[in-house]
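As given in TrEMBL:
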- B:20-38: transmembrane segment (TRANSMEM)
- B:44-65: transmembrane segment (TRANSMEM)
- B:96-113: transmembrane segment (TRANSMEM)
- B:120-143: transmembrane segment (TRANSMEM)
- B:163-190: transmembrane segment (TRANSMEM)
- B:211-228: transmembrane segment (TRANSMEM)
- B:234-253: transmembrane segment (TRANSMEM)
- B:283-302: transmembrane segment (TRANSMEM)
Amino acid sequence: MSTILEMRSITKEFPGVKALAGVDLDVTEREIHAICGENGAGKSTLMKVLSGVYPHGTYDGDIVLEGDTMRFGSINDSEDRGIVIIHQELALVPYLSVAENIFLGNETRNRFGLIDWDSANHRAAELLARVGLHENPTTPVSQLGVGKQQLIEIAKALSKRVKLLILDEPTAALNDTDSAHLLDLLRNLRDEGITCIIISHKLNEIADIADRTTIIRDGRTIETIDMADPDSTQDRIIRGMVGRSLENRYPDRTPDIGEEVLRVEDWHVDHPTQAGRNIITGASFNVRAGEVVGIAGLMGAGRTELAMSIFGRSYGRNIRGRIYKNGQQIQVRDVAEAINHHIAYATEDRKQYGLNLLDDIRHNVSSAGLGKISPGGWINGNEELKVAEEYRASLNIKTPNVLANVGKLSGGNQQKVVLSKWLYTDPDVLIVDEPTRGIDVGAKYEIYTIINKMVAAGKAVVVISSELPELLGICDRVYTLAFGRITGEVPVAEATQERLMELMTIERDQPLPTKELNS
Amino acid sequence: MNVIAGARDLMTRHLRESGIFIAFAMIVVLFSVLNPNFLSPGNLTNIILQYSYILILAIGMLMIIVAGHIDLSVGSVVALTGAVSAVVVIRMGMPWYMGVIAALVVGLLVGMWQGFWVAYVGIPGFIVSLAGMLLFRGMTYLVLDNVSLSPFGGTYYQIANGFSNGLLGGAGFDVFTVLIFAIAVVGYAVSQWRSRQGKIAYRQTVESLPMFALKILLVGAVVMWFGYQLSQSRGLPLVLIILAVLIIVYALVMQKSVFGRHIYAVGGNRHAAELSGVKVRRINFWIFVNMGFLASVAGIVYSSRMNAAQPAAGNMFELDAIAACFIGGASTTGGIGRVGGAMIGGLIMAVMSNGMQLMGVPQSMQQVIKGLVLLLAVAFDIWNKRRAAAAR
């Protein structure tokens, strides 16, 4: 096996910041090579250098591909040499068909200069078969789920005769089945002779699929390890990424559980546009002061829908059921009422639903609790700045100052801004939806610490997550949700991933195991 | 930090805004070199009188644009409100204030009509106001029976053509005008000082004292010079007082009030705003009501200035108002923009039109140049943003 790609002491500076300080990377032909590092370690910058987003001359160091020194001036140059990058945010046009997306910018034309759709669709079908996707090439992409869209991106890369495929967090938005399928596909592609570089935060996934792993920290290569080596444990990778060993991935907490704070009874929600389609059916749950309650469920089980319908009817229609706060039944007809009842909901989709990316940290932090600093409807700007500074310090938001745009922060720091915003509303119940999605190990630990501080102060937290180890690591009790029904309630001491998974896959018409519901 | 470093720091931090100020200053200098009459007291007065209604419209338009909408109907609303006022005052012979009240009521009703469709039915503002543009123009013709009504005369005529002059006598210039400007400068200095003290109390970084004094002196000097020029001509135009009050009030609303912040939140990310407890529909409704209100104010000022209500009044005003916002740095996709920026944008258009008229540039050429200015201003803004992003 020969080296296909070598990057030698790549250094990239932005004004005032050294993003890469001499990174070395060598990738062998026909291997799956993982790159690990915390957010901000320089992984994305490195891949942008490799794919020509930062053209030759704007960085120092050499890129050697198949023995030749490369001087890419643009993405087109790197694609000509068979390097294709698939970004975390997929770049598909929703209203175009699968085939149109695959050949976008690369259309085959007939002799009249028009696109030959018959041959394009035919070739698209072949590519889809290679990635194991059984869809009609004329289907609009918007009708397919994220998992299938990811496969279309790979088909698109294959149509460009890719030799070196780079995937940035390919499974971040996928459920377990889709992830497993994608990883299988990558193995097949490797066997067909395609080299893969995969950037991922999911360490068990890396352990599962990578042949070798390069760890990057603070713009430097720490080490490249062979995953076949028994010493290449997840702990070793984490140690390399954070520069210290994380004894425990979840901070310790001694539960001190008090009175019930929130109880939801017999909650029903219908789909907002499809009449008669039930999304949540008769869900009941509660959470007590000082308690972290988890809600586990597969994609599409209705986790987010349950939370958002409770949070001021932000989702669905024909919502029925009862909400009790501290034993009193309450009405929560809109978000303002929810905030007044000290209920907070931090969304799973920071960019779409959580933040105003055009605005600065300061205004985002105050956006849900503006009333507290605005006597008579006029904002006290100095007080606002002080509040934002306090949260920057206490939540360790890494930014020179709070006047920086949130759109430019890393995922972990954006998540801390979202949490700051909700902590500032002084919630008694905080519902966090996928609080650690797409953020690195170090930042995850910090988020868990924030949750622990909340419950230590006698508040209640509901965590929605698709990562079962996370729920087992931080919760006191876990509810399972499947097809819109609460199918089980398990104290964490009795819970295992297998037990939860069993409850999470109970189908709509199957009877529920009554034992758990009464515990 | 010495003064020069401070100035440079201020410039780079506010390049987006200062860029437009510099462009404005350059245009003013250019025209004053090309035409010595440009900065004469009489001409400065004329610029204010001629473009006051565009600036009034641009205030409301800015709020609509920041929220992510657009309003194409304001020109027609200017015509309709002016027409209603003319019918009340001229045809029915009622006193001037009844005309004003009638116009304001019509403006508010128009705003509620459009706000309802945009906020509660969910039709894009572009469509609603495109329909409104036809609707209200047609209604203007109906109200006026296809003929112009004139003259208003009397107090109504004074709204846009009146001056406060000679209240305190003069010594070659109007003392009252100069006094008002002096009070404004002192008020500005005091409010800036208090804001600076507030920042110091909260341990924020502030510009150094000499830098601060220099800024106040510079602004004060320009304002006083402007006031002195006006006082040598016809005195303080009433419409300038109306305009100044509107600008100050709306700039405060946009920058300091919860309502204003919610407008930015809706334009920046509607979903996030909704999930933060912002009542998005209510905000959308009220900014259109407000636009109707300001359009009726502009309608009153315009009909007063023309001393008549004409069926074709206000034609294309919406485009001038929209251009003012975009030249002044508002984002086409919402979420970004300031009242002050829109005012400078409007003044750039005003100064260019006026300067070219003085030089006898034909109307056709003026249109071409104004079109290019709009395009280049937005291009500059985009280039500027990219540069700022690259400098990070």
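First residue shown is number 1, and so on along the chain.
Every residue, even glycine, has its Cβ placed from backbone N, Cα and C.
Caution: TrEMBL annotation is automatic and unverified by curators.
The listed stretches are B:20-38, B:96-113, B:163-190, B:234-253, B:283-302; of these, B:283-302 has the most Cβ pairs under 8 Å to the transmembrane segment (B:44-65). As a quick check, the transmembrane segment (B:96-113) and the transmembrane segment (B:283-302) clear the bar of 3 or more Cβ pairs under 8 A, pairs 6 or more apart, so the two touch.
Taking Cβ pairs closer than 8 Å, the transmembrane segment (B:234-253) reaches residues 42, 45, 48-49, 52, 55-56, 59, 63, 158-160, 162-166, 174, 176-177, 180, 184, 259-260, 294, 297, 301, 305, 338-340, 343 in its own chain, all 6 or more past its ends. Note on the transmembrane segment (B:163-190): residues 216, 219-220, 223-224, 226-228, 230-232, 234-238, 244 of its chain, located 6 or more positions outside it, place their CB under 8 angstroms from a CB of the stretch.
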